[in-house]
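Undergrad: I'd like to ask you about the structure that follows.
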């Protein structure tokens, strides 16, 4: 980790630290600190927790409960986790509230060792009167010491009731509870929503869960360092590129609070440290510092960003931009102008619509403004809070009434059925009327508009200009073809020109039941042509600027590429201003569905190697087979498709970029790709080379081996990123410990060793240390040979080369990056040929789509 902090920051804090609680400005009217199951007061982080059985203002309503005490030795730093209250039936804590308004609800859980209860098997559901806080939370992947959950809810009555609901054949437990008043002005009722940028009101009616609270550049701050008892974590593990930042510090006592930003907003220790742009030797001034935060994609998020200019020596010298999920949240931000000084805190709130983030990742970035004299950007703190959904839940879609057994929801069941029936009948009548009207309007439009007229306003031209002649042709596959004509370029390999009516018939008028996927450019449907051929139809969305750009890029790439391991194209349709590409249908879909997330039989080790080899051949052809290399930029398991014989093809060229020419070493370009697969050097320098694809392919290799996503936010933090996690095991020589359990005892150790070495080389931090795709292909084929040959005969030692007798390849040392790979056995290395084109149509393909926000 390239930080200038570590010991210096710790020494700095020790030299200037004073306990902030001594100068607390806010005294919470309600301040319940409850130690559940304890028989005496417990001191934790300089705060006193009172036993739940002795608190005078607390009413504990329980059915069957008991106390669990840890059988391990007592640890004073985690003393509240030595006991727990265990419930086998519905139970509740009732708190008397003296001051209405927002309150923190903090829950502490630790499945302590106990001879009576197996708390690791507990399933926890916690609700208030109005909101679901936790729903069937389990400890299946738990390997830490405790779990801490923090919520804020607006209490509008004299009492706050927390109900704990065990699931069937399980128990629920809790170690400690905090219910603490929140300052009235800490969370506003309105914030700016992004994409589209509009005010979002009504926050006071919603509940929040703290997902992240980060101290940029500084150490962990516990409740002892915060006047409101909050915890601020160090941000290092969420930086997309650790070496992209330089930490700057100031004396906490020099921070100048204002009436609008007080000690309650954030401690001065947060504003006294900052991450700034490090000297990363970037080629582009648009380089950003980015934090990647795994989130639940089904919720909105309240994002608060904290700033304080402790960097500048003079006013108006630091101007930068803030981005949330690639949306410009703040442009040309000059902190000294906004605060009328230096070292004056400032914060801004936003609402991010997480429901469109299918990747489950929220990103926050800062970068220099294009007009700034100094290339720099900074951030001091970041808070991300999950917002309750329409069901008033922070965990799933179930409401409180549906979770409480025998609650008020069941009492009004008959009434709800009657009302629902009436509403349904009225809705059905209105729906029929609307459908009739829409059909009438559509019929009139179809009669009044000819297909030829629709062609006059094409927003796109699916005809790459490669100096080839254009010829007008008609589709002859249907009798409907005589009604229209369209432009076709057979010589550009765009294939057959389809009539729009043919597409409509093939997809049953784009029936939603035929939907295969959704992407930034539009949708992909499964269809069947008149001759019975199954196809995948990609229909572009003309309102999506990103989609149109990716759509054109894919057309341009596919028109000049033909290879057995690249997606092939049947034809297109540009009638009626449509943007439609037609591919042959890929029977076995994306590689990812065969690894996890789908109920499919596990792939054997040999099958996995053959699939990786096929994908490597496709990428090697992209890099070396065309007149100018092509960089895919979005290599991942959803973009590797499998035909009925599990032959792999690389798909989705929407982000592809022509590589550097012979006199160039790289292409400077804005960073695009998918988090988890993105080359850190490309992200840091914005210099794109073929080695960026190699890095992404290394992630794919680890994904194939371990059968888990590239990013998995539900795992412990050190396991979230598969590249970092798997590399740690590979360097210890223990890669077999984390591979898919279906492969245990079924993999030749020599083959696994070569596979791991190949992936490790691909995931090198710097591109110069990574192999070419040709070298990767060579080594994967070697791993396959080792799998097919006796381990005793083929066991490689540390000094072995990658020469395999019997394979027609030029002998070379493994990963010799000084060599230019021109030809390999079994790899088509020339430019696209008719033979290649014929080969490319032997298996069915379609381009797997992912949501563009995940890129």
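Just so you know, glycine gets a Cβ as well, placed from its N, Cα and C.
Got these off Swiss-Prot a minute ago, pasting:
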type	residues	note
ACT_SITE	634	active site, proton acceptor
BINDING	516, 517, 518, 519, 520, 521, 522, 523, 524, 538	ATP binding site
CARBOHYD	41	N-linked glycosylation site
CARBOHYD	64	N-linked glycosylation site
CARBOHYD	114	N-linked glycosylation site
CARBOHYD	136	N-linked glycosylation site
CARBOHYD	143	N-linked glycosylation site
CARBOHYD	154	N-linked glycosylation site
CARBOHYD	168	N-linked glycosylation site
CARBOHYD	225	N-linked glycosylation site
CARBOHYD	242	N-linked glycosylation site
CARBOHYD	288	N-linked glycosylation site
CARBOHYD	353	N-linked glycosylation site
CARBOHYD	376	N-linked glycosylation site
REGION	822-855	region 'Disordered'
TRANSMEM	416-436	transmembrane segment
Undergrad: Measure from the CA atom of residue 288 (N-linked glycosylation site) to the CA atom of residue 242 (N-linked glycosylation site) and give the result in Å, rounded to a whole number.
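TA: Approximately 12 Å lies between the Cα of residue 242 (N-linked glycosylation site) and that of residue 288 (N-linked glycosylation site).
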Undergrad: Can you name the residues of this chain that are 6 or more positions from residue 168 (N-linked glycosylation site) yet have a C-beta less than 8 Å from its C-beta?
TA: none
Undergrad: I'm trying to understand the geometry here, so how far is the Cα atom of residue 634 (active site, proton acceptor) from the Cα atom of residue 41 (N-linked glycosylation site), in Å to the nearest whole number?
TA: 56
Undergrad: Distance between residue 154 (N-linked glycosylation site) and residue 524 (ATP binding site) at the Cα atoms, whole Å?
TA: 44
Undergrad: Compile a sequence-ordered list of residues in the same chain as residue 376 (N-linked glycosylation site), six or more apart from it, whose Cβ lies below 8 A from its Cβ; state 'none' when nothing qualifies.
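TA: The list for residue 376 (N-linked glycosylation site) reads 276, 277, 311, 318, 320, 368, given in order along the sequence.
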Undergrad: Taking only the binding-site residues 516, 518, 522, 524, which one has a CA atom nearest to the CA atom of residue 225 (N-linked glycosylation site)?
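TA: Nearest in space to residue 225 (N-linked glycosylation site), counting only the binding-site residues, is 518.
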Undergrad: At 10 angstroms around each C-beta, which of the glycosylation sites 136, 143, 154, 242, 353 has the fewest other C-beta atoms nearby?
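TA: Relative to the other glycosylation sites in 136, 143, 154, 242, 353, 143 has the fewest Cβ atoms within 10 Å.
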Undergrad: 518, 524: which of these binding-site residues has the highest Cβ count within 10 Å of its own Cβ?
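TA: Per the Cβ count, the most surrounded site is 524.
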Undergrad: Rounded to an integer, what is the Cα-Cα distance in Å between residue 516 (ATP binding site) and residue 136 (N-linked glycosylation site)?
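TA: Distance between the two Cα atoms comes out at 31 Å.
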Undergrad: Within 10 Å of the Cβ of residue 288 (N-linked glycosylation site), how many other Cβ atoms can you find? Include all protein chains, please.
TA: 26
